[in-house]
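Student: Here it is: the structure, laid out below.
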Amino acid sequence: DAESDAYMRLWHQALIRRTGSAEPVASYSVRRIKHLGVFSTCECHRRTKCIWARHITTHSKALAGRAVHGLCTEAGDDSGLPIRIKTRGVPIHLYADPIGVEEDAIRQLVSIAESGLAEHFVSAMPDVHLGKGAAVGSVYASKTLVAPNGVGVDIGCGMAAVPVEKLFRDDLVRDASDGTDGFVKEAKAVQRLIKAKVPTGADSHLEALKGTAEAISAISKEHPPSPWLRKLLSANARVARQLGTLGGGNHFLEVLYDETGQVWLMLHSGSRWIGNHTADVYNRKAIDQMRRDGRSPPSGRSGLNDLNSLRIDSEEGQLYLQDMAWCQAYALANRRAMLGIMTQIVRDVLNRRTEDDRMINTHHNFCQCERCTVRDPVTGAEVSEELWVTRKGATSARRGEAGLIPGSMGVGSFVVEGKGESLSWRSCSHGAGRRLSRTKAFELVSQADFEASMNGILCDRTEALRDEAPQAYKDLSQVMQDQKSLVSIKHRLHPLINVKGIEKGSRQKKKGEARRDRKS
């Protein structure tokens, strides 16, 4: 009928935009049409500012009975993002093409939206993917509940970076036409010293760094730990010895350069063992509390919907927020300590200082109370209230706020500035996001392809790092395109030197790390 023909024309126009192909619709099979999606009219009827909307069949099981529409964009953004997914709870704002999102991640977003945790809506960043209990890249705000696995098992995981004064790419790399790799001896010395001085993987410092006791004391003074955590800190020397250590998985230390050639130092890490242990302890407390309250946990496979919550007004809820704040502060201090080590190395080897007034140190696994202004996308009405905003694998992007969005080890990163978009809870992505699981990366990415993708970068290329190959991650340029309404790009950083944590042990142990790494 005429209405169906109109929908098909809209679908075909969108297909041309996405693929660049003007191939006739008739040449596509029904199965392919269902995979790519079918388009419907927009629910808001504000056609002057609204892009055609989309009804998703790609995730028909995860989205059964839930309508999917495009949202109006006041800035005239022609991307059609975010996509609005209606659920039996609050809607989901998806800043990505649903075709590129795992169905299990969609299920996790729906679970958050229908759990009673979220107020107003759930936002999903462009790098959204499957996580433990909650999708990595999910952002939501709560009044009464907090979920340990909603925050993530590496509490306070995040990024830090600082530019180096009067140090440029050409100081580290020279013409490689003579058959060498092009890196000067000073660059190789920097890489060697970073690997020697910053413990990676499961390693810790043999002795705590100078100033660690004072740093932990200052954290405890500003964020008093619960009696349980205080006792743990006094009895476990590992917490002190891990301050200034990287960890494994997707954590890294890098030397990069921006569009002017200026060199930057950057790293990705979190709260190490103490954050993981704290998250696990309070997730078990959440399970117990939900049983006592008669609240039903989300149904589904173990791990997929392990989204257990604590009442914020309960004793356990208050203690979790207290200890979570401690772990977040520890993560900040951990990144600061490693950046200090890298800074000293650059000073010793190259006689250059960092521009500390331009340092960025920010979380992307955290929860904090914020004054939130929420705008209804249909009516335009606004409401302002204080809510607990949970970001798991998402970066705060308030208007004018500096942030860091890293790619894979061969791609580089972006320095960004937030636009304060309320539809995303003033957030943006935390990186590119995984495209392949660690197991799939080992299976599908050859060692030769991994090594080729790292050409021009001073780094380890051992087989143990193949699950971190650029091919295992989403296209960072597309991720940035999908969030152009959330952030503006200030600098594009390209990698020169990369150091990652290589897990000791068998390849099977390395694959087992995938379960823990789903948080990041």
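Any Cβ shown, glycine's included, is placed from N, Cα and C.
Annotations per TrEMBL:
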- Asp154, His251: Mn(2+) 1 binding site (BINDING)
- 250-254, 364-365, 406-409, Ser413, 430-433, Lys500: GMP binding site (BINDING)
- His268, His364: Mn(2+) 2 binding site (BINDING)
- 289-308: region 'Disordered' (REGION)
- His430: active site, GMP-histidine intermediate (ACT_SITE)
- 499-520: region 'Disordered' (REGION)
Student: Would you mind listing, in sequence order, the residues at least six apart from Ser408 (GMP binding site) in the same chain with a Cβ closer than 8 Å to its Cβ?
Tutor: Ala432, Glu468, Ala469, Pro470, Ala472, Tyr473, Leu476
Student: When you measure from the Cβ of Leu253 (GMP binding site), which residues in the chain that are at least 6 apart have a Cβ under 8 Å away?
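Tutor: Ile194, Val198, Leu246, Met266, Leu267, Met338, Met342, Asn498, Val499, Lys500 - these are the non-local Cβ neighbours of Leu253 (GMP binding site), listed in sequence order.
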Student: Across all the protein chains here, work out how many other Cβ atoms are within 10 Å of the Cβ of His268 (Mn(2+) 2 binding site).
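Tutor: I count 26 other Cβ atoms within 10 Å of it.
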Student: Between Asp154 (Mn(2+) 1 binding site) and Asn365 (GMP binding site), how many Å separate their Cα atoms?
Tutor: 7
Student: In whole Å, how far does the CA atom of Asn365 (GMP binding site) lie from that of His251 (Mn(2+) 1 binding site)?
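Tutor: Asn365 (GMP binding site) and His251 (Mn(2+) 1 binding site) have their Cα atoms 14 Å apart.
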Student: Go through Asn250, Asn365, the listed binding-site residues, and name the one with the sparsest Cβ surroundings, counting other Cβ atoms within 10 Å.
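Tutor: Looking at the binding-site residues Asn250, Asn365, the Cβ with the fewest others within 10 Å is that of Asn250.
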Student: Just to confirm: which same-chain residues, 6+ apart in sequence, have a Cβ under 8 Å from the Cβ of Gly433 (GMP binding site)?
Tutor: Met125, Pro126, Asp127, Val128, His129, Val136, Gly137, Gly393, Tyr473, Lys474, Val479
